[in-house]
Amino acid sequence: MNNLMAERATLRKLLRQKRQALSSSDQTQASINLDSQLQSHAVLQQAKTIAVYLANDGEIDLTRFCHWCWHHDKQLCLPVLHPFSKSHLLFLKYQPTTPMKRNRFGIFEPELNATQVVPLGQLDAILLPLVGFDSDANRLGMGGGFYDRTLSQWHQQRHPATALLGVAHECQQVPGLPIASWDVPLDAVITPACEYSRPTYLEQ
């Protein structure tokens, strides 16, 4: 393991412990505060199709935001492990009645149905979970590379209206994240307290 990988692995372990240590009341309050941030976000207010995630491993719960989206007739999608392309994701439509199953990581995802797949280019925004971030909206994931692999080729030619928005607790912020060449940059990271935007995103 090279120095960069070792540093990222150490940081990943520390930050996962931090968010796992949050109490139930802290998690609930974080979800409430984040919901306010998301509902008032201009991109998400205008978005018609949004990819979300189901909280796991201390991630912030998006249930409140999901209900707000459904109430406002927004189409939600969830990531599903790609059945043929290793370490890649598909995005499937998500409704309250969507049949769900646990994937190999124990995380619930929609049952695979080709008619429910939404192409990346049709997503107005993607809310990405993360383990760590810095003030420039750089993202450290769980280490599997699923989002980076899924978004890498598409990102180079990506639809300009699609926003990549990370979601995290404030305790997951670090002064300067060690960046790898395969990391796909986010447009912003949204926490229960505020938003951290990538400098070039602010210029768009």
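We count from 1, first residue shown onward.
Here the Cβ of each residue, glycine as well, is placed from N, Cα and C on the backbone.
Pulled from TrEMBL, these are the features on record:
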BINDING   ARG8, ALA9, THR10, LEU11, ARG12, ARG139, LEU140, GLY141, MET142, GLY143, GLY144, GLY145, PHE146, TYR147  ATP binding site
BINDING   LEU54, GLU59  substrate binding site
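Here the features listed in TrEMBL are placed on the structure.
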residue : record                 : contacts (Cβ under 8 Å, 6+ apart)
THR10   : ATP binding site       : none
LEU54   : substrate binding site : LEU62, LEU78, ILE107, PHE108, GLU109
GLU59   : substrate binding site : ARG19, TYR53, PRO129, VAL167
LEU140  : ATP binding site       : ARG8, LEU11, ARG12, LEU15, LEU130, VAL131, GLY132, PHE133, LEU177
MET142  : ATP binding site       : ARG12, ASP57, VAL131
GLY144  : ATP binding site       : SER87
PHE146  : ATP binding site       : PRO79, LEU81, SER87, HIS88, LEU89
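Cβ neighbour count within 10 Å across all protein chains ranks ARG8 highest among the binding-site residues ARG8, ARG12. THR10 (ATP binding site) falls within a helical segment according to DSSP. Secondary structure at GLU59 (substrate binding site), taken from DSSP and collapsed to helix, strand or coil, is coil.
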